[in-house]
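Take a look at the structure set out below.
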Amino acid sequence: MLVVAEHSNSLPSEVALFSSLETFQTTIPPAPGGRDLYGGLDWVVSRGKNEYDLLVIGGGSGGLACAKEAAQFGKKVAVLDYVEPSPRGTSWGLGGTCVNVGCIPKKLMHQAALLGSALKDAQHYGWNISQPVHHTWSVMAQGVQNYVKSLNWGHRVQLQEKKVKYFNIKGSFSDPHTVRGVTKAGKEVSCYNVVIATGGRPKYPTNVAGALEYGITSDDLFWLEKSPGKTPLVYYSYIVFIEIVVYICLTGVSPDVSLECAGFLTGIGLDTTVMMRSVPLRGFDQQMASLVTEHMESYGTKFLKRCFPTKVEKLESNRLQVTWKNADLDTEETDSFDTVMWAVGRAPDTKTLNLEAVGVKTNSETGKIIVDASEATSVPHIYAVGDITEGRPELTPTAIAAGKLLAQRLFGQSAELMDYDNVPTTVFTPLEYGCVGLSEEAAVQRHGSDNIEVYHAYYKPLEFTVAERDATQCYIKMVCLREREQRILGLHFIGPNAGEVIQGFALGIKCGATYAQMMKTVGIHPTCAEEVTKLQITKRSGLDATVTGC
């Protein structure tokens, strides 16, 4: 049922890596707390000849970007990456979450669902579609997985071309300049600079009987060879039943994978239910989040709101029986599904790193590594980038940019820091939601409601007209500072190709664009994006914000 990636799970019997003295300062800072365990140039010399200037632990987007950039400065770089199989046995190749179990397979399966909707629309445009149209999971899965494997191979080739040494092993700190390969031989890897970029892995609920034994996560979904059937998705915001049930628990501000998965599963014809304990898309603009879920309900996804699972049991039929409580009705209910998928948040992948031994500080609640503006941890020469860091957006492009900038500061005499403000993102639900900047709630909290002006409009995409699609939730909101210049604080867009629309506007907002400048921008007609340049109605006015003309 699960596909195991081409990575070998057998670890090399021994690995010895040493760092280069080329970039050393006159002294190495002493051990934290004044302990005389390590530190100082004498300590480094005593370790013998050094081989690597930079060791990156983690082969995801941020780690690979940092390693490749460092190599371009002529530095000797090594990458340690090992994928611990999921509880269901799923593993994969080099590239991290985005390539293997995140952005890439998710967007491709989202595209599969969009094509299904397009087939329905096509009949209104004169195409004769033989009925019934049905979807074959195995064909889609094979195509997606083959493409992902090609990316795995591509990353291996790029590292080789840039002379970056790749080791398929776990790493564990012995001291701030030594990382031990977690192998039977336990050989050590020493280096001057270390970048931790191990990312995170999905969590399982600990208070639901049978959760670990019978459920899957997004780590498994994208590598299933057969259709998940009736699946529940669980989220500490909800559970999704698709003949696959998903329980969702939103804990961050990254796009809600539960809604995205539920959306494409519904789109390819699976009976899907999302069980929500709290609100969807926490951290996003809540008006927009409500519109997203409203559209998903009209699209066919079922929602069980303010419900939480208590146990999962396997029936003689091999189906899974889920028992849950309804907080509003104070009742206990059950139903059976083919698959249960958990989406209750992600945990930083730090278990084997031995961070405490070297003094790397983490957030006691989240377990994420605390870094400063330069991505430095509490220990000199140890840095961290990507999803493993506290307070950073869990987004691939930010990890890549942060990794590159870190390498440039370490080896390229740069002082440029990563700017995490106004980072655009998109939730790839059936009707996409893209945004950049502050939500309306965040803007009000920061500046006060009297100092905020919100321009908005409901619009109908031209593509929806002939096919008679419902455009009730197609909506745009521009949050501005209520001053003479009316600087744009946030832009939110729900509609087709939201990511493509927001990407361009993100540049303007990053550069401090104002409402007046946006209104002077000539739109491209006929497009959905042009509606952003025509926003005239404010929420404060109370006027109808529905666009009626072309």
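Using N, Cα and C of the backbone, Cβ positions are placed for all residues, glycine too.
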Member of Cys66, Cys103 annotated by TrEMBL as disulfide partner of Cys98: Cys103
Reduced DSSP assignment, Gly345 (NAD(+) binding site): coil
Other C-beta atoms that fall within 10 angstroms of the C-beta of Gly345 (NAD(+) binding site): 19
Local Cβ density at Cys103 (disulfide bond) - other Cβ atoms counted within 10 Å: 20
Asp387 (FAD binding site) CB neighbourhood, other CB atoms within 10 A: 31
Maximal Cα-Cα distance (Å) across residues annotated as binding FAD, namely Lys107, Gly171, Asp387: 31
Gly345 (NAD(+) binding site) versus recorded positions Cys98, Cys103, Lys107, Gly171, Asp387 - nearest by Cα: Asp387
Under 8 Å by Cβ from Lys107 (FAD binding site), counting only residues of that chain that are 6 or more apart: Phe428
Gly171 (FAD binding site): secondary structure state under DSSP, collapsed to three categories: strand
